[in-house]
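Here the structure comes first, spelled out in structure tokens, and everything after it is commentary.
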Amino acid sequence: MSTNEPARPAAADYEKALVRSDQRVAEFEEDAPTPLMRLQRMLHSQPTLIPGIVLLLGVLMFSVIVGERFLDPFNLSLIVQQVTIIGILGVAQTIVVLTAGIDLSVGAIMVLTSVVMGKLAVGGGVPAPLAVSAGLIVGMVCGWINGVLVTYVRLPPFIVTLGTWSVFFALNLWYSESETIRAQDIETEAPLLQFFGTAVDLGQARLTFGSIFMLLLCLLFGYMLNRTAWGRHVFAVGDDPDSARLAGIRTERTLLSVYSLAGLVCGLAGWALIGRIGSVSPQAGQTGNLDSITAVVIGGTSLFGGRGAILGTLIGALIVGVFRNGLALSGVNVLWQEFTVGILIIVAVAIDQWLRKATS
Amino acid sequence: MSVVPVLQARGLVKRWGRVTAMDHADFDLMPGEILAVIGDNGAGKSTLIKALTGAVLPDHGEIRLDGKVVNFASPQEARAAGIETVYQNLALSPALSIADNMFLGREIRRKGPLGDWLRMLDKAEMQRIARQKLSELGLMTIQNIGQLVETLSGGQRQGVAIARAAAFGSRVIIMDEPTAALGVKESRRVLDLINDVRRKGLPIVLISHNMPHVFEVADRIHIHRLGRRHCVVDPKAISMSDAVAIMTGAAEPPAAAAA
Ligand SMILES: Nc1ncnc2c1ncn2[C@@H]1O[C@H](COP(=O)(O)OP(=O)(O)OP(=O)(O)O)[C@@H](O)[C@H]1O
Ligand SMILES: [Mg+2]
């Protein structure tokens with residue numbers, strides 16, 4: 001500070017030496033990073049690299065342990081089918097987590113929207129397209145409510161969505177009267193609701209419209225996050241909300257759009273859920289919340305916001321799917337599936353912490 | 001006085017709980033001038049410029065741009081009015097690239113349906129402009145404009161923030177301690193830049209603790225003390241030590257300069 005040294009030399013004096021100074025300007029040179037630092041930086045800038053490697057290792061491991069039965073195209077495509085719902089919910093969860101938030105209500109929104117679609121279309125006399133639209137709107141409104149509470153009432157996302165999780169789930173039980181709508185009834189009255197269950201055979205592999213839709217949704221959101229201004233704003237808001245605001249981003253609007261979109265995607269998951277299980281059950285999809293967070297975290301998206309990718313979440317979901325499937329085929333007790341997934345989560349978060357140190 | 005100040009504030013007050021950051025602060029920026037704002041740490045300089053740029057909403061007081069009352073509710077609105085600011089914390093997003101940061105909130109979209117319908121960003125164009133602006137500033141040679149800001153040094157980050165303000169400011173440019181993290185050589189470039197900008201006719205507000213810099217470039221010096229404008233002095237009519245004495249409360253301002 002110069003405050004206490006009023007007798008500093010005038011500008012020209014101490015800058016005279018500048019004339020002879022190196023006229024090159026500051027360059028972006030690395031200060032001889034160690035290999036470990038270099039690895040740390042590379043992984044940091046490519047957050048999906050580790051999940052990609054883990055997925056590959058998982059597939060290799062189970063092809064050795066289980067062999068043919070695992071590598072069978074039908075089995076592999078079955079894994080994709082099995083992660084359809086987690087994948088779609090994962091998209092919603094990813095955009096929320098990128099803003100340094102979390103959405104514990106995704107599963108509840110999904111079930112609520114599937115119930116709305118089912119009740120309206122089956123026995124409610126509403127044409128199926130309208131019923132589906134109504135469900136999607138309900139999903140979006142649920143997300144919007146989360147967004148308003150987080151953005152304008154300024155409550156922590158964890159608390160908000162913990163609360164709305166219960167609220168939405170209770171509404172779901174009330175509206176459905178805790179009754180399941182049978183698959184046959186949906187099939188006769190509103191087959192559109194089961195649209196995403198339609199299977200397509202590609203050689204021996206079998207995909208459903210739902211799993212194809214999940215992949216397209218990942219592409220769409222990957223595009224939105226990386227190629228549009230909205231996506232850049234989502235990252236900036238998650239990274240440092242104060243800086244984002246000072247830099248001229250309407251942070252509130254961005255946050256509200258993220259939560260609303262997440263709600264809409266949960267509505268799509270609700271539709272896909274009907275396709276997956278055939279019926280509409282108020283008790284379905286109970287593990288959706290935690291599974292989606294698992295996929296996001298294993299996929300390398302940072303819970304602290306601003307870092308991550310949809311592709312990572314897709315890979316994260318596939319990792320969980322591969323380990324569950326592979327362990328099941330190996331004849332290992334089911335409890336070890338949960339055990340392994342738990343270890344994967346902890347390792348993923350540990351790696352994220354380590355990578356964050358690369359920049360501090 | 002017949003000249004209308006470009007940016008003017010009267011009686012700005014801002015309290016946070018028991019902290020009074022601004023206590024009826026006044027401010028005048030004349031067309032085409034470089035106004036330096038100096039003051040002790042915590043005197044309220046940053047709060048003042050945040051209030052002028054919509055980043056902080058003052059509890060009381062009035063702000064005028066070109067004589068017309070403005071009520072900026074967000075930094076975005078001030079920016080839309082042509083006021084560009086280098087905030088003390090730089091307001092960069094570390095996880096985004098240099099180019100992304102420079103165009104944050106004013107991204108360029110692709111021409112044609114890709115941009116209009118799919119809202120696709122024109123990354124190449126934004127990188128081209130960002131590279132050009134940075135090399136114009138001469139603060140750094142850019143190897144990779146797609147580099148993440150978090151991989152830059154403090155001084156380099158400051159360079160990015162300054163280049164952003166210089167590139168987009170059309171009415172007023174405000175810099176809150178822009179050379180704090182810069183080396184001697186880089187500080188010189190920023191001072192040159194400030195003079196360049198003035199030559200184009202844009203007024204500049206420079207907040208700095210570096211007295212030689214302040215005395216070199218400023219047309220007038222606004223001395224801020226205890227949350228308000230203490231006085232405005234002419235750097236040609238006062239010595240650095242007197243200015244510092246006034247700023248720290250060791251001396252009274254010259255009678256003519258008291259605000
Ligand atoms: N968001 C805030 N909440 C509470 N108090 C604040 C906030 N921002 C600033 N202050 C207080 O307001 C006073 C003025 O702060 P300000 O940052 O404007 O000072 P400054 O003159 O810019 O100081 P420096 O030279 O250190 O940058 C300080 O006492 C500070 O603690
Ligand atoms: Mg300050």
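Using N, Cα and C of the backbone, Cβ positions are placed for all residues, glycine too.
Features of the protein shown, as given by TrEMBL:
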type	residues	note
TRANSMEM	A:48-66	transmembrane segment
TRANSMEM	A:78-97	transmembrane segment
TRANSMEM	A:104-122	transmembrane segment
TRANSMEM	A:128-150	transmembrane segment
TRANSMEM	A:157-175	transmembrane segment
TRANSMEM	A:207-225	transmembrane segment
TRANSMEM	A:255-274	transmembrane segment
TRANSMEM	A:294-323	transmembrane segment
TRANSMEM	A:335-355	transmembrane segment
*Among the recorded stretches A:48-66, A:78-97, A:128-150, A:207-225, A:335-355, which has the greatest number of Cβ pairs closer than 8 Å to the transmembrane segment (A:294-323)?*
A:78-97
_Contact set, same chain, for the transmembrane segment (A:128-150): CB under 8 Å, 6 or more residues outside the stretch_ = 92, 101, 103, 105, 109-110, 112-114, 116-118, 120-121, 156-157, 160-161, 164, 168, 190-193, 255-268, 270-271
*May I ask for the residues of the chain that lie six or more residues beyond the transmembrane segment (A:207-225) and have a Cβ under 8 Å from a Cβ within it?*
77, 80-81, 83-85, 87-88, 91, 94-95, 98, 195-200, 231, 234-235, 265, 268, 272, 275-276, 309-311, 313-314
*Under 8 Å, at least three CB pairs between the transmembrane segment (A:78-97) and the transmembrane segment (A:255-274) (pairs 6 or more apart)?*
yes
_Outside the transmembrane segment (A:104-122), six or more residues from its ends: residues with CB under 8 Å to it_ = 85, 89, 92-93, 128, 130-132, 134-136, 138-139, 142-143, 146, 158, 161-162, 164-166, 168-169, 171-172, 175-176, 181, 185-186, 189-190, 192-193, 262-263, 266-267, 269-271, 273-274, 280, 282-289, 292
